[in-house]
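Inspection log for the structure reproduced underneath, given as structure tokens.
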Amino acid sequence: MVAFGKKLKERQIQEWQGYYINYKLMKKRVKQYAGQIEAGALDRRHVLKDFSRMLDIQIEKIVLFLLEQQGLFARRIEQLNEQQEALQEEPDISKISELREAYREVGRDLLKLLFFVEMNGIGLRKILKKFDKRFGYKFTDYYVKTRANHPYSQLQQVFKHVGLGAVVGAISRNLADLQDRQGSYLSIYDEPALPLQDPVVDSLKAAVDRVTYSTNFLDFLGQHALIMHEELPSPVEEHVDDQRYHFMSLLLNLANTFLYMVNTYIIVPTADDYSMSLGAAATVCGIVIGAMAVAQIFSSVYFSAWSNKSYFRPLVFSSIVLFIGNAMYAMAYDLNSISILLLGRVFCGLGSARAVNRRYISDCVPLKIRMQASAGFVSASALGMACGPALAGLLQTNFKIFNITFNQDTLPGWVMTVAWLMYLVWLWISFREPAHETEVNHAPTQSSAENDKLEKGLVQPLLTSKEHEQGDEQGDDGDQECDASEEAPEESRLAANSLGSAYRLLTPSVKVQLLIYFMLKYAMEILLSESSVVTTYYFGWTTSTVSIFLACLGLTVLPINIVVGSYISNMYEDRQILLASEIVVLLGILFSFQFIVPYSVPQYVCSGLVMFVAAEVLEGVNLSLLSRVMSSRLSRGTYNGGLLSTEAGTLARVIADATITLAGYLGESRLLNITLIPSLVICIASIVATCCTYNSLY
């Protein structure tokens, strides 16, 4: 990636050049400190004092410039307000239009100032991180706490930016007053949700969001989707996105996500019965369910590569393959072939186009609504996860048409066959292929990975001690590679070209996050995939009862994300939630073991619910952190951060399903405890790794 110092220099507003943070000078000073300490010419106390003074001077320069600019904006708005008052007495349509354009011009100038704040915030965060990493100090914590909590804090002046917020409010209010509201006497303060159709106001709100520390449900869901973008977006990028965006195409991608998740989980309640009807053991359901995940390991790679050139053709191919796979799954009953059953599930896995769905949101959805689209991706997945088992519970019938059997085992396949056929027709009629950029033009913008929240995570950490935890690793490669020279070598700007090269870009903290993701996916797959076998053996549950249980688990996903995204994440730091969730998952696994006889329904349901809910919380927080610490070189190309996380989760599901089948050879009475042992070991390992990462960061 391009060094931050070079990016800062390229994107500076020329007339304000002297007021930006002098990142290059401060980086050189850090290198000088290192050399002088090694030579014994300086001690630690002198370094801390001198660097603190340098930071204070830099921040004071920024703050005084901000105050000066705020005064100029206030004066311009005051003059426009006087003109608006005069127009109240003598309305003139042409002058009203001129006045609105004048307010918009103020808004466009304010956008420049907000971008100025954003770039300086990123620079301060990076130089603090570089200092901590070079000398092993906790200087960031000390500096932020002493400066931010002081009554005369200049740091708060930068990152609270109350004055800038007031200017944004004044522009929004006056533009709303000038807009024709069909005689309404309400202002933006009476109805805050009242839509103001003005692109300048939309851009201002988006810019304020990027430099404001705020965690909400939409942000949380958006990061859950793991759709990343570059650190410093350019205004051109959003214009390109607007040209490529097509609402119906986005809706088709979300529908694909929903149907695929339904397809994944609709067979879970009946997979054991289906296996037994074909002469196999009930625990072969693990292979039946996992065959889809095995194929997905490979399909994720070629779909990710294919999306570099097209979105429409991969989606068409996906629909056709899923149509064939589900038809094979359904026909295996009358053909009495377990091989056809497994092959059908493999075909379904080969049709997994989730990489294309993520890529479309990343590349083609405008920045201002990308968070909503990312949240829609997660919501569609959660809804599909709940609807799959629920739909299976409704398909309790048995009849034949032309010697083709339709029962609880085959109907999930037939229903999904029809669903994918209908989707294919809708796709063919409604999808609009966006124009693809060349690889050269595309590289500096973005390709396959995250959302607006990443930009917030790059600026927000200077407000609290979360900075060192949540934003530390982002952009490390750029800073490390450009220590010797201001411009990084060309190779450091290129996307990874293989899974191996992508893996080598992972820092230890990212590897820990991927281990946690592997663990939670493994634990959840064990719970879901063996539920039918376990509950039938211990409690004699019917398919309908198992379906209700699994559907209820799926329905907890969105409410839990609402609670975590809107409340818990505002009260606690992400890494605290991460560790607490891991411990709760561990407790859920422990309580799931059969310690006493008989094994009771309350024990199974409560322990399963605790483990599943904690794993959902863990997944959201883990992916949120992963989006911040992942190298931005993994935000583009085929082998991107989203693909790595998908592969880790899919591999966990494959191993979990294989574990169920292998454990089945020891008997159904031992299945539960044997399959829980690997979950327990991996969970303990992830907790230890998390704690070790904590110690290394602090």
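Using N, Cα and C of the backbone, Cβ positions are placed for all residues, glycine too.
As annotated by TrEMBL, domain 'SPX' applies to 2-145. For 250-268, 280-303, 315-332, 338-356, 377-399, 411-429, 514-540, 546-565, 577-596, 602-626, 671-697, the entry in TrEMBL reads transmembrane segment. Marked as region 'Disordered' by TrEMBL: 467-490. Among the features that TrEMBL reports, compositional bias 'Acidic residues' is placed at 472-489.
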Which residues of the same chain, at least 6 past either end of the transmembrane segment (411-429), have a Cβ under 8 Å from a Cβ in it?
252, 255-256, 259, 262-263, 266-267, 270, 312, 315-316, 319-320, 322-323, 326-331, 344, 391-392, 395, 397
Between the transmembrane segment (671-697) and the transmembrane segment (577-596), are there at least three Cβ pairs closer than 8 Å, leaving out pairs fewer than 6 positions apart?
yes
For the domain 'SPX' (2-145), give the DSSP counts of helix residues, strand residues and coil residues.
126 helix, 0 strand, 18 coil
Six or more residues beyond either end and a Cβ under 8 Å away: which residues meet both conditions relative to the transmembrane segment (577-596)?
516, 519-520, 523, 527, 564, 568-569, 603-604, 606-608, 610-612, 614-615, 617-618, 621-622, 625, 672-673, 676, 679-680, 683-684, 686-687, 690-691, 694
Okay, the transmembrane segment (280-303) and the transmembrane segment (338-356): do they have at least three CB pairs under 8 Å, pairs separated by 6 or more?
yes
Could you please provide the mean pLDDT value for the domain 'SPX' (2-145)?
80
